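Some notes on the structure that comes next.
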Amino acid sequence: MKPSPLLFLLLLIYLISLFPLSQSVYHQYQEALSKSILFFEGQRSGVLPQDQRITWRANSGLSDGWTYNTDLTGGYYDAGDNVKFGFPMAFTTTMLAWSVIEFGESMPPNELRNTLVAIRWATDYLLKTVSQPNRIFVQVGDPNVDHSCWERPEDMDTPRTVYAVDAPNPASDVAGETAAALAASSMALRSSDPGYADTLLRNAAVAFQFADNYRGAYSDNSNIRDGVCPFYCDFDGYQDELLWGAAWLRRASYDDTYLSYIQNNGKTLGADDNINEFGWDNKHAGLNVLVSKEVLEGNMYTLESYKASADSFMCTLIPESSSSHIDYTPGGLIYKPGGSNLQHATTISFLLLVYANYLERTSQSVNCGNINVGPYSLREQAKRQVDYILGDNPLGLSYMVGYSNNYPQRIHHRGSSLPSIKDHPEFIGCKEGSIYFNSTNPNLNVLVGAIVGGPSEDDSYGDDRADFKKSEPTTYINAPFVGVLAYFAANPNFS
């Protein structure tokens, strides 16, 4: 009997669905943008608003701050746990705000609004952390106890320990990043709420003063170390956050005091050190790109050393450059050891696009020795990373949850993997959630837009909930990707 053409066609469609094509011609960048922003609603702590779109979440952490008789509700859980770590939350906020500052004009109006809401959810909390004189609250929740439980945020009965640093003890890193976050957010929010923007800028200056007056790393304080290390220890020093905070205050306020600060303190605070890193702990590459704007567009040649470092960093990212030394997986993903690797791909892609814009506006290029590199080459490098994350990789897997038909199903995330409190209102205790952690079934709730830690250096990915270095999403992976996707949504065929 001759098989029917229809049966053959159906079989072919089925086989394609089992083995997705590793290269896609076109990505729905606007869809990915929408989802990357939506993710933050799944990370919210505090009282959720009426228009909450991730509806399997509910109110949580409502007593945060009570041990200090203060309100520390709100903010974001950093990843798949139920702790509010101030250091990465502030960096997340800075990157969301920078995304709006550089790419907000090209965002669809509704997504710009959603991004501003995401920023304000963070800044409302960050303002609380610097609301008391000579004190900064750097964390809520005991991570050691929290990590021993698999529990929904709505059920939390673990200690909501408050970690505070009081002067003259140092917290230059967290205070400096908080200053950057509030200053950058003041720019992002100024057109929609100028009064609130003024409040943010005023508090940014206060946070920076604390950072500069009492210099040192927050994780060096004996009462803080056990709560933040090894999770968000300051591994790379606090000096970069001082320059980063000052640079953002300069950009937001145009105050020459901060210009003098970054001019005069660059050498002593190590502006030329570790210039090829950018993330929640190391701000050097981002600092150099940010400050370069004044050199390129404002002819501020006293800051030329920052631009030279930014140029050098860009050259390391261009495979054809003689100074290229970044590692890639065989499939083309930027790879750095340590875990949560996609944070490097998203932050570096962001810097590539920002620097490309600065160069384009001033008709300049970067001299990489054997070649000159212009805006197009930088954008091309960024697009390769974006497309890899969205599915153009050897596995044909989107590393953004909910984007395409093939994405991680077993992410390391408590709220996503446990039954929603809406479906299962009964309390699920600390150890009672273990059956869901150990299950091989897909997560019960889809955390749309979450970008996981990513594949191994050989492009492999096991979709294993227990392998948190690969399967856990974080806010600081997503935040820079918002700006990156905003650019490609508006310029899918960039030139």
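Positions of Cβ are set from backbone N, Cα and C atoms, glycine also.
Please treat TrEMBL annotations as automatic predictions, because they have not gone through curation.
Features as listed in TrEMBL:
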type: SIGNAL; residues: 1-24; note: signal peptide
type: DOMAIN; residues: 29-485; note: domain 'Glycoside hydrolase family 9'
type: ACT_SITE; residues: His412; note: active site
type: ACT_SITE; residues: Asp463; note: active site
type: ACT_SITE; residues: Glu472; note: active site
Smallest number of other CB atoms within 10 Å: among the active-site residues Asp463, Glu472, that is Asp463
For His412 (active site), the number of neighbouring Cβ atoms whose distance to its own Cβ is within 10 Å equals 24
Take the domain 'Glycoside hydrolase family 9' (29-485) and average the pLDDT across it for me. 96
Rounded to a whole number, how many Å is the Cα of His412 (active site) away from the Cα of Glu472 (active site)? 5
Do you know offhand how many angstrom separate Glu472 (active site) and Asp463 (active site) by C-alpha? 10
